[in-house]
Amino acid sequence: MDLQKLHELIKNCDKCPLHKYRKNAVPGEGEMKLGVMIVGEAPGASEDEAGRPFVGAAGQLLTEALSRLGVRRGDVFITNVVKCRPPNNRTPNREEVEACLPYLIQQIGILKPRRIIALGLISAKALMELMGRRAEKLGDVKGKCYQGRIAGVQVELCITYHPAAVLRKPALRGEFQKDLAMFFGGGLDRFLDPSK
């Protein structure tokens, strides 16, 4: 199956009750020019409206953070574990994650990313479990990368905060940006001002 056919399946999915509340399923978008896939938790209201991932305030923060690293948003594939918006933007439950996980596994199998960046605990837990590992608290795995196989693809899974958490707690912004810099191979050198 190719990505376009998979995304059509996602748009018409009724595997869990979330399909009753959505305006649009949000399969994901972007290219694999850098071999990177970014995986969030679930769409929010803006994403549900647009049918595109990370287009609301959290998406703007992510896009700005990528831009600071010289990374164009369209050069990475961006998606979520859960493809439909949970009511009131609540955290997706286990049933919803399990219903959508086969879609994410298929996306990984088709796109064959070298690196996956998990944003937030729901994404980290789901992807770590696919690698045969566990993640109970984000603090235990945040800022770290793990080697493993998902969908038969050898990947490096790197974990950081979800941008929505950074919006709620702006003190996390620097750490979020540093994690992304490390994950994209830029290290912290990009943030050093040579004039100081």
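Any Cβ shown, glycine's included, is placed from N, Cα and C.
Computed from a predicted structure; not experimentally measured.
Between the candidates Asn24, Asn80, Swiss-Prot assigns the uracil site shared with Gly40, Glu41, Ala42, Phe54, His162 to Asn80. Neighbours of the uracil site: apart from Gly40, Glu41, Ala42, Phe54, Asn80, His162, residues of the same chain with C-beta atoms within 8 angstroms of the site's C-beta centroid are Val39, Pro43, Gly44, Pro53, Ala58, Val81, Val82, Leu119, Gly120, Ile122, Ser123, Ala164. Each residue in Ile10, Asp14, Lys15, Leu18, His19, Ala25, Val82, Lys83, Glu96, Ala99, Tyr103 lies on the same chain as Cys13, Cys16, Cys84, Cys100 and has a C-beta within 8 Å of the C-beta centroid of that [4Fe-4S] cluster site, without being one of the site residues.
Separation of the C-alpha atoms of Phe54 (uracil binding site) and Cys84 ([4Fe-4S] cluster binding site): 13 Å, rounded to the nearest whole number. Between the binding-site residues Cys13, Ala42, the minimum number of other C-beta atoms within 10 Å of a residue's C-beta occurs at Cys13. Asn80 (uracil binding site) sits 9 Å from Cys100 ([4Fe-4S] cluster binding site), taking the C-alpha atoms as the reference points.
According to its DSSP assignment, Asn80 (uracil binding site) is in a strand.
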